[in-house]
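Asker: Below: one structure in structure tokens.
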Amino acid sequence: MPAFSALWQALDEHYRNTVSIHMRDQFAADPQRFDRMHETLHGLLFDYSKNRVDETALTLLCRLAEAAGLPQQMAAMRCGEKINTSENRAVLHTALRLPENAEAVYVDGENIVPKVHHELKRALAFARSILDGSHTGVSGKRITDFVHIGIGGSDLGPKVCTQALKNYQQQVRVHFVGNSDDAEMTNKLVGLNPETTVFSIASKSFGTPETLLNAQAAREWYRSAGLPEAGIGRHFCAISSNTEAARRFGIEAERVFAMFDWVGGRYSVWSAIGLPVMVALGEAHFRALLQGAHAMDEHFFHTGFRHNIPVLMALLHVWYNNFYQADGHTVVPYSHNLRRFPSWLNQLDMESCGKSRTIDGSEAELKTGGIMFGEEGVNCQHAYFQLLHQGTRLIPCDFIVPMTTPHNIGRQHRFTVANAFAQAEALMKGKTYEEALAELAHLPEAKRLALAPHKVFPGNRPSNSLLIDSLNPFNLGMLLAAYEHRTFAEGVIWGINPFDQWGVEYGKVLAKAIEPELDNGTPEHDSSTNGLITFYRQCQQAV
Ligand code: F6P
């Protein structure tokens with residue numbers, strides 16, 4: 001048990017005392033429940049009233065966060081202490097969205113704020129030169145397409161932002177290639193002209209084989225069009241903290257944009273990794289994205305836990321994960337343009353909190369992490385929502401819903417919003433056996449009795465609603481930053497390091513050994529792996 005075990009026990013007791021209370025009854029007994037259990041920040045409304053909590057649970061949970069040392073960890077993060085202990089790194093994605101005149105933040109004795117803005121301006125200037133046509137391809141033609149090559153954190157953040165803010169798109173088309181599977185690169189290059197395409201190779205380490213393979217394929221594609229080697233510098237740029245490796249790849253220093261050692265990949269969209277977003281949206285909108293994230297940082301760092309949106313999100317996640325033993329957490333954006341948001345969150349949360357060792361290396365006693373998944377609404381209502389409503393598992397849900405849209409096709413947006421609200425209501429209220437029976441009054445008695453049990457919804461299934469007045473850069477910045485801080489806060493409560501990712505290394509090492517064995521040699525693995533390798537060879541011989 002963690003040091004704050006007394007609080008943990010108090011929460012456990014409170015859980016057992018309240019687990020059978022239905023939210024329906026809580027709403028009926030307290031007409032002010034929504035008033036007490038929602039927060040607003042700029043264009044965001046966070047409604048957490050449809051959760052299985054009362055004031056006592058919230059008070060205990062806030063005390064838990066304090067006892068876990070969250071206030072101290074927040075302060076340590078903010079001022080650049082090396083809280084990513086296993087990698088001996090500071091964690092300063094929040095510094096990337098500080099205004100230029102912000103107070104100094106020191107890493108190893110150096111104020112990093114001027115450095116952040118220097119690098120931001122370099123990336124913005126390059127994006128601007130592509131957009132205004134002053135940076136042309138090797139044959140003098142205007143750039144029409146920008147292909148961003150990267151994976152994981154070097155891909156998901158910029159992809160989500162570019163897609164989400166499609167309505168702000170400028171004239172250059174932006175594409176993303178992440179997978180090493182050759183289909184993605186092949187598909188993306190169809191219809192592109194090497195003379196008018198710029199590639200960015202994004203890799204913090206500049207050692208990720210998927211990204212380097214794709215980068216080589218892109219370079220081959222450029223060369224095979226007969227374009228001069230000297231033009232590589234006009235068509236390739238790199239974003240990396242390993243600037244030396246980027247240069248060795250053949251990208252000139254002027255086109256290498258620095259990522260900082262103290263920014264984790266999955267927290268990096270605010271850095272030069274955001275270059276494709278800058279190209280897609282232009283400077284003003286990218287700056288608005290940063291400002292939105294900064295507004296959430298200010299809220300996170302300066303608001304008491306009881307009204308702190310990311311902290312409340314984290315505490316509710318811990319409440320269900322550790323007391324209710326929830327089986328997962330789903331996040332549903334009711335917006336087609338936000339459809340990749342669940343994938344971004346999936347990496348953010350699961351790569352951060354999927355740890356079974358606490359920060360000091362001992363075995364974690366608490367259940368850490370959570371299974372995060374999601375799909376755009378309303379599509380998911382016609383897919384996995386059945387399980388949320390009537391399955392035997394508890395899966396809390398976050399509904400993310402923009403209130404307005406620029407499209408205005410008929411009543412489509414209103415219909416979509418109504419569905420989001422209805423799902424949250426249905427999950428909370430449920431439908432009793434008596435209500436189901438009453439609905440079937442028109443049927444013969446035997447049929448009514450047979451059908452009614454299938455129409456019962458247990459309800460009492462929790463959800464948060466995160467409503468934004470519109471899907472604009474500022475609100476998107478707030479939203480992403482809220483989930484970043486939620487992840488950090490829950491990591492602190494579980495006692496783990498949410499900023500390293502050693503678990504992804506092992507498979508990479510084994511892949512290195514297996515790849516040459518796919519061609520020849522005697523594989524010496526377990527019988528299953530050997531069998532898979534043999535089958536691969538057979539298939540290769542057959543084509
Ligand atoms: O394999 C996981 C990971 O290390 C992520 O943490 C990271 O976002 C991704 O790979 C890409 O790494 P890089 O930016 O160094 O290529």
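Cβ atoms here come from the backbone N, Cα and C positions, even for glycine.
Dumping what TrEMBL says about this protein:
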ACT_SITE  GLU351  active site, proton donor
ACT_SITE  HIS382  active site
ACT_SITE  LYS508  active site
Asker: With an 8 Å cut-off on Cβ-Cβ distance and a minimum sequence separation of at least 6, pull the same-chain contacts of GLU351 (active site, proton donor), or say none.
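Answerer: Same-chain residues close to GLU351 (active site, proton donor) (Cβ under 8 Å, separated by 6 or more) are GLY152, ARG266, GLN501, GLY503, VAL504.
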Asker: Between the Cα atoms of LYS508 (active site) and HIS382 (active site), what distance do you get, rounded to the nearest Å?
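Answerer: Checking the Cα atoms of LYS508 (active site) and HIS382 (active site) gives a distance of 37 Å.
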Asker: Suppose we draw a 10 Å sphere around the Cβ of LYS508 (active site). How many other Cβ atoms does it contain, all chains included?
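Answerer: Result for LYS508 (active site): 12 neighbouring Cβ atoms inside 10 Å.
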Asker: At a 10 Å cut-off from the C-beta of HIS382 (active site), count the other C-beta atoms across all protein chains.
Answerer: 10
Asker: Work out the three-state DSSP category of the residue listed as 'active site, proton donor'.
Answerer: helix
